[in-house]
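Engineer: Annotations per Swiss-Prot:
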TRANSMEM  13-33  transmembrane segment
TRANSMEM  52-72  transmembrane segment
TRANSMEM  111-131  transmembrane segment
TRANSMEM  135-155  transmembrane segment
TRANSMEM  163-180  transmembrane segment
TRANSMEM  197-217  transmembrane segment
TRANSMEM  252-272  transmembrane segment
TRANSMEM  291-311  transmembrane segment
TRANSMEM  350-370  transmembrane segment
TRANSMEM  377-397  transmembrane segment
Amino acid sequence: MSQKSDLRNRIKFTLLLLVLARLGIFIPVPGIDHDAFYASVEKNTLVNFLNIFSGGGFSTIGIFALGIVPYINSSIVMQLLTKIIPDLEKLQKEEGELGRQKITQITRYLALGWATLQSGAISIWVKPYVFNWNFTFVCESVLALTAGSMIIMWLSELITEKGIGNGASLLIFQNIVSGLPKNFTQSFFDANYSNTSIKFGLFIVIFLLMIIITIFVQEGTRRIKIISARQLGKSSILDPNSYLPLKLNQGGVMPIVFASASMALPAYLTQLTQNTFLLQVLYLFCPNGSLYLVLYSVLILFFSYFYTSIVMNPEDIATNLKKMGASIPNIRPGQATIDYLQVILNRLTFLGATFLFTVALIPFIIEKVAQIQNLRGLGATSLLILVGVAIDTAKQIQTYVISKKYDSMTK
């Protein structure tokens, strides 16, 4: 099979699975008065926030309403556990592919449990709109929603293994894109705004500015010069092509995905309790809450550092440089190199996280200043994920093409 044909088939396979994942959202869970439910939650801020990840699934309560969120949440928990539990860290690092498969299997079980809990919360939440709410309905709805979430998880893994790009990221990408037309029309054409054309122009300018900033954050790189043993004594001028690239945002799109998915948790929990005090506390961390931005910024910073620690280990980099006979000019090999790289990574991660949160803050400022409502659905979280996933997928396609070229050259 030719290189172009193989790539084309992978892209077709990916698109087919994305279409299947999208269709499942429109298959309703039986027993619910969906028209009454939709009319009730259409302008609900919490539901609109959750719809970012489900592509509108929480407005229709389709069998794929949970989407990929349970799998993402279980991945967060699993990655935290691998840092805390030595046996899991050893399993991930030292046992190769077999160890990674075991980690993946544990993550699936966690996703199953998480999906079951969320399904139960939804079955209680929709009680006022159910024709005959009883134990049988709860069991049936939990089974349908959990099965739908497991199917989505399976589709995401198939995309990652046999398609192009990261399956979970592409599914979220698709869900966000599917909601853009509705949010766009609500923001400008269905609302009674004065000076609509001026606000529309302002929105376009700011939207493009946010894209530029996002690309800068995703692609910004600090190049650390390195010199090999072969260069020593030959020339006092360093080869400009010999450098160690450290990205401004090592985690790519994942910190914002993890932070946003975590921010959905308070919204879920509000459906599980009727306690007035607990509801007041939870609402503080919901999209319109006074502590929402504070928690959001802390989570972005935390996941940026956390994900950087996973993908970039200064000790491993220093060891690999030593094996290659390379070093950083004016920095001693060994612990000095590790300390130097750690300081650089910490600074880059903080700067990258600050940029991410700045972009996340822009839609809130626009809503207050320009009085443009519903902008958050078109805003920071969505934009960061859209641009990040688009860049990552394009790079994966490019890497795939290059690797196939090298394979054909070596045969």
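Here the Cβ of each residue, glycine as well, is placed from N, Cα and C on the backbone.
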Engineer: Is the transmembrane segment (291-311) in contact with the transmembrane segment (163-180), using at least 3 Cβ pairs under 8 Å (sequence separation of 6 or more) as the test?
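Structural biologist: Since fewer than 3 Cβ pairs under 8 Å link them, the transmembrane segment (163-180) and the transmembrane segment (291-311) do not come into contact.
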Engineer: Suppose I define contact as three or more CB-CB distances under 8 A, residues 6 or more apart in sequence; do the transmembrane segment (13-33) and the transmembrane segment (252-272) meet it?
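Structural biologist: No, these stretches are not in contact.
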Engineer: Taking residues 6+ outside the transmembrane segment (135-155), which of them lie with a CB under 8 Å of any CB in it?
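Structural biologist: 17, 20-21, 24, 29-31, 62-71, 108, 111-112, 115-116, 118-120, 122-124, 126, 167, 171.
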